[in-house]
Amino acid sequence: LLYFVFTVLFLYFASISTAQTTDCLHLREQCINAANGCESVWNVVEDVCNISVLGNRCKAEDAIGCNRIIQVLADEYPEFKNCVCTTDNFCSIMTLLGKQCSINKDMIYHFLYLYLFVLDDISTETKLQWSLSALSKQAYTANTTTACLDLNKQCVEDEVCNKQLSLYLKVCSVNKKCNMEECQAAVRFFYQNMPFEVAQMMTFCDCIEPDESCHRAKELLHGKPCAVTAVPPPSCLSVIHMCEENELCRKKYTTFRSKCWRHVTKKCYDDEACLETLIKADMPCSANADCKAAYVSNWGTMLRVECTCQNLPPREQPLCKLFHHMLHSKSCFS
C-alpha cells in the first residue's frame, strides 16, 4: 500500500500542470516587480521556506510554516489563489515554483511523510502545535496587564512560540536595514498564526514600571521600530489615505471601524466633513471581543504606523486628531 501511495504521489508531482506552473511563475515575477507590497510578502515566503538558499530550493525545514505563509500570500494577493493546493496543502510550494523544484525520491518521501503522518489541514496542524504550548493555556484577562518582559521570556522558552518569534525576528532584525513592508508582513504572519488569546496577551502587554528591559521587550513584540516607525512620521490623515489605497489594509480598517467605532461608521461613514464635527465624547468604543479581534488584525498594517498631527494646517487638525484617537488611543481597551 505504501509503495502504491508513493507511486501515485510521484506521478502526481511529476505531472503538475505546466500551464499552471507557468502562470504561477509569471505571477511571482509580477509580484516581485509590483509596487503594491507583494514583493515584501514574497520575501517573507522566501525567508520562511528557505527557497532563496542555494541548493535548498523547495526543501523547507518547516513545511507547515512554509505552506502557511504561502496561504497568507494567496489571502492577501488573490491572484495567487490557484497556486495554492486547497486539498493537498503540502504541494503548494511545488505549484509555486514548478520545474525549479527537482522531483526526486528524497523529496517525495519527505512529502509522503508529511501527508501520511503530519499534515491534515494547515490551520488544524497549527492548532495542534499550539495545544501543546504552555503559553496557550494562559487565559487573557482584560483587567490584568501582563508585563511584556515576562511575556517575551515565556515566548522564548516556549518551543512553539519561539519558533514563530524567530521567523519574525529574522525579517525585522535591528541588525539589518529595515524594510518596513517586509517587516509588517512578518508581523501579520506572527500574530495570525497563533491563538487569539496569546495574540491578545502580546498586543496588550505593557510595562508598568519604567523598566528599560521591559520596554525593549515591548518594542520587540510590537514590531518597533521597523514595522511602525517611519522617518519623518507621516500625518494620521496620510496613514488613513494610504491604507485606503491598499486592498488588504482597507478591508482591515473597514472591519476595525465597524466593530470598534460603530457610532462613527453609522453617523458619518466616509464623510470627512461629518467626521470633523465629531469630538471624543461622540465616539464610544465597543471594546467587545469582535473589536479586540479587529484591533489585533490591524497589526502588521499601515494602521499601526506611528503618526502625528504636527505641522498640519489648523483646518486639518480636528480630523487628524480624530484618526489618531481611533488608531492609537488605549482608552478603548483600558
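Residue 1 is the first one shown; counting continues down the chain.
Glycine too: its Cβ is placed from the backbone N, Cα and C atoms.
Since the structure is predicted, the reported quantities are computational estimates derived from the model, not experimental observations.
Taken as a whole, the domain 'GDNF/GAS1' (148-226) shows an average pLDDT of 87 in this prediction. Annotation comment: TrEMBL describes 148-226 (among others) as domain 'GDNF/GAS1'.
DSSP places the residues of the domain 'GDNF/GAS1' (236-332) in helix, strand and coil in these numbers: 63 helix, 1 strand, 33 coil. Taken from TrEMBL, the feature domain 'GDNF/GAS1' covers 236-332 (among others).
Annotated signal peptide per TrEMBL: 1-19, in sequence order.
For the domain 'GDNF/GAS1' (148-226), the DSSP-based tally of helix, strand and coil residues reads 55 helix, 1 strand, 23 coil.
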